[in-house]
Amino acid sequence: MQEIQKNTKKEQYNLNKLQKRLRRNVGEAIADFNMIEEGDRIMVCLSGGKDSYTMLEILRNLQQSAPINFSLVAVNLDQKQPGFPEHILPAYLEQLGVEYKIVEENTYGIVKEKIPEGKTTCSLCSRLRRGILYRTATELGATKIALGHHRDDILQTLFLNMFYGGKMKGMPPKLMSDDGKHIVIRPLAYCREKDIIRFAEAKAFPIIPCNLCGSQPNLQRQVIADMLRDWDKRYPGRIETMFSAMQNVVPSHLCDTNLFDFKGITHGSEVVDGGDLAFDREEIPLQPAGWQPEEDDTSVEALRLDVIEVK
């Protein structure tokens, strides 16, 4: 009995510590990008996955002690995939006492009609979903739309664009929506996926599977995800360093003429960003930039979230 109590206390301690880290990460992102302002009504897009559950939980937690007032409304889009457990999210949100809205739109039928069998449906599905969410935000009077993308998603997108798109473009933590009417925010921008996995497992969120549509997986993104996961295991701190690089861009040392006026450099021009250091031996710090090892940075390969079996 004492051993059980000891384990329970340790688990609670670890959960509290993890929640504080996620709360700190989200708080810093909100402050750095001015994501949430006084009086905001935040529409939290809830898919039923680990990321959106974590985002809602941390925002609710911050709401209690934030120096500003803001409200939350959770929104789920029921796209009418066969077998979608439509009772799960309403029951969960009612138990929490969170305001919510379930939007029912048969985008599944549209996608199946337009996309050949076996082809990736994500692009069309995403466009349809985006338009519905923008419309819903207007109907609810939401001032911000919160999405659950985390740090790993942002890095994956950067490498996807570099490897396959020929662009150095990531996923912005805050942006104006396509229709020019809504501000979209990503409060989990500084959060590590492995922390979210641990948190979701500890909180036992009722995870809904994301493979109900039967679409082919995004193989390119999976390749990038596997690469980053391998780097994280073999070279601790590399992921943090790469993310720091996204926040420390030097346009004069890249090749984009839209970002820097290379033609304007003439005799007598001032030295910019250290000038030409190409022939100097670069001093590389012994510890990766932006990395602080955590006590509980153990492998999460064995962690698996319990997914509700859909019958």
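Glycine too: its Cβ is placed from the backbone N, Cα and C atoms.
Among the residue ranges 47-52, 293-298, the one that Swiss-Prot annotates as motif 'PP-loop motif' is 47-52.
Sequence-distant contacts of the motif 'PP-loop motif' (47-52) (same chain, six or more residues past either end, CB-CB distance under 8 Å): 76, 88-89, 148-150, 188, 196-197, 199-200, 205-208, 210, 305.
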